[in-house]
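Student: Just dropping this structure here.
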Amino acid sequence: MTKSLHGTCTKRIPVILVFLCCFIFGRNIAGAQPAGKDTTAPAAPGPAKLSADSLLIRMEELHNTLNRINDITARGFDTRGMEAELPEMKSNLQIIEDNLKLYNKVLNVRNLQMFHVLLGDMREHLDDWRSRLFEYNKELVRMNAEMMAFTKDSFVRQIKADTTFRKFYLPELKELKGKWDEAKKATTLHLDKIAVLQAGVSGSYFKAIELENKVNEQLRVFSIKSLGKEYNYLWEDKVRTDSSAATLAQQSSKSFEGLGKILNYYSRAHSENWLWMFLIGVVFFFRVNKQFRRIKKAGRAELLLPPYIKYLRALPFSGTLVIILNIASFFDLHAPAAYLDLLQSFLLFLLTVLFWRRWERRMFVYWIGICVLYLFTTATAAVVVPDVRVRIWMLVLNALSVVTGLFIYFRIYKNLSAGRLVRIVSMIFVVLNVLAALFNLFGRLSIAQVYSTAAIAGLLQIIGLTVFIQIVEEAFYLQMQSSRIAGGITARFDFEKIRAGLHKILVALVVVLWLMVFATNLNIYNELYTGVSSLITAPRIIGNTSFTLGNILLFFVILLISNLFQKYIGYFFGETDDDKIGEVKEKSSRLLLLRLLVLVAGFLIAIAASGLPMDKITVVLGALGVGIGLGLQNIVNNLVSGVILIFERPLKIGDYVEVAGQKGRMKDIGIRSSRMVTTEGAEVTVPNGDLLSSKLINWTLSNNHVRTELLLTIAPSSALPLAKEIILEEVSASDIIIGKVAPELLVKSINDSSIALKLQVWIQNVHQEEAFKSRMLQQIYQRLKDNEITMS
């Protein structure tokens, strides 16, 4: 259809030029002839003539249309990326086709899975290109149609007949002719270019679909035949003496030529993932470096030594790369196995560098042995020639792998943070290698090589992920120490208690990531993903409400994450639960407000993710409101009171308060309740509603000053003047009292044998009240005793 339109438009060019030449350069022949009688019959009335203003308006419309078309064609269409990548795309498709057509005897399931992923990725890119080219072609056809519409307009004929108009506007008409020629030439060139690209892209698109169908068929055949007897039993197999083994080996080598080129294409096609990982790495690197510098500047370099810090350094290049390579799988859930193997090799090298500096020599030698075993296993499984010698070599590798797995289970796991997880995976490693050996013995070679490579890759990945856990925990430790130093908190804290909670979250994350990559290596990830996806995305209907299990699951996951985040966010600011009472510093309510915002944002995002319509949610909230009115009003009262405490601020963390008969220091202000520490050291949880509704005494709202009093009884009563002088001297000598307010010593009761006195004095810090009383009593008692005055 595009070519037809293009041809039609090309044929009309002479017609347009004739029109334009006629009304610019033509002579009015009828006007040059002498006037005579008109013997013809009266002509039918033609179309109404346009006024000069109307003609100018139509010329302006044509002018604007041609300007817009020329601007668009001058900018061009975004096809440079397609033109640059299409040849490479065709080359990759040809490589895959050659592998499938000529060398399918040596293809294994890992290669088929890789081709399946790559072809799907190429097909999506080609389909996107086809859609864009279709829109470009549609735009060009529309521009040509606009230009053709002017050739059929009556104003062209009227300009041709109106010699006076042509005479006055001859320069403008010439300019229009030039712009018309320019627009026609540009649209024609772009249409030819788009047509060529459409042909190439469409051809590659249909070829990708055809190859994808072939790969799917081979995968189906493989799944049927894999459990059958592919080759002879090992004891029946013989060493090949003819040239078939050499020929098959040559085919194996040729079948993998160009795979590096294909993987290079895949990496560049997903370069945006690497950009995100690079940004994460940069943030992690400079954050850790800043924390190291802050701790060293504070003179606390001992906090940067083992056992606190094991893998991170002030310039954490290795640690940052380990983080990036471990999370790379999360950015592409359908990555080909060869791509994951490449990432695994880089990670293996980094882990070797880290372990070389931090492990004992003997353990490091064992690690090198594991790395060598990995290289041999992956190299053997890359291209398998079904020869008895190769099969025996695979059995040897399986036997060595079983021994290695048992060694890791009993020895090496102790050097890793998540040792229990490593022991579980090492047992899976042993079982898979035993199964691989059995399948090899009985001629099921494809499954044997899949199990062998998946086992060794899974073992090394879990070791890398345990190092990932250790590095994240160390970074978290540095963040807490740095924040505490910045906040002026110098006391040590028990990080192991915090690490335990963080460790559980990281282990759960690591298990999910490991299972994803392990399933990919076993070539069952796509099937599992499809099955789980269909289960959680299938619509369910209850009454008039439609929902999916995935939305419901996502709802609760978001709520869980937001709750965990608000729970642990205080640790990023150096907050701990085991701070000594004397180390609790005055803090603002920003942390509480941040926690509230996290909960509210998490709740709103969870509702949006649930996919439920807002009218249904309104009904639920209405029912919830009835429930609140009946039984949850106390909880809601406490939550609202927490919000009021944030903005009204009748108290803050570190204040010395008295509420509900309890007197102590505020340790924490939460969303629903707050905690205070009494002078006896007990932690009292007070609902926020009680803080607002009950009588609240804040001794340190505007300052920490407090008036305290001491009750003294002295004898004999005749020593009162001397006793008053001694007591006032001792009190005035203290550096804790407020000097501007003089101490008061009052007589409370008196008799012949003794006198009861009450000392009232203002001190600077309410938190030192008890210590001040203790010290004053001791000093006054000693002075009175030296002057033979008895105090009781």
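In case you wondered, yes, glycine gets a Cβ from its N, Cα and C as well.
The following feature annotations were taken from TrEMBL:
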TRANSMEM  274-290  transmembrane segment
TRANSMEM  311-331  transmembrane segment
TRANSMEM  337-356  transmembrane segment
TRANSMEM  363-384  transmembrane segment
TRANSMEM  390-409  transmembrane segment
TRANSMEM  421-442  transmembrane segment
TRANSMEM  448-472  transmembrane segment
TRANSMEM  505-525  transmembrane segment
TRANSMEM  545-565  transmembrane segment
TRANSMEM  592-613  transmembrane segment
TRANSMEM  619-647  transmembrane segment
DOMAIN    634-700  domain 'Mechanosensitive ion channel MscS'
Student: Checking distant contacts: for the transmembrane segment (337-356), what same-chain residues at least six beyond its ends satisfy Cβ-Cβ under 8 A?
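Tutor: Result: 110-111, 113-114, 259, 263, 266-267, 311, 318-319, 321-322, 325-326, 328-329, 363-364, 367-368, 371, 374, 378, 457, 460-461, 463-464, 467, 517, 520-521, 523.
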Student: Does the transmembrane segment (311-331) reach the transmembrane segment (448-472) with at least 3 CB pairs under 8 A, where each pair is 6 or more residues apart?
Tutor: yes
Student: Ranking 363-384, 421-442, 448-472, 592-613 by Cβ pairs under 8 Å to the transmembrane segment (390-409), which is first?
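Tutor: It is 421-442, which has the most Cβ pairs under 8 Å.
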Student: What residues elsewhere in the chain lie close to the transmembrane segment (545-565), defined as a C-beta under 8 angstroms and at least 6 residues from its ends?
Tutor: 505, 535-539, 598-599, 601-603, 605-607, 609-612, 616
Student: Same chain only, please: residues at least 6 beyond the ends of the transmembrane segment (592-613) with a C-beta under 8 Å from a C-beta of the stretch. Say none if there are none.
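Tutor: Same-chain contacts beyond the flanks: 545, 547-548, 551-552, 554-556, 558-559, 561-563, 565-566, 569-570, 642-643, 645-646, 669-671.
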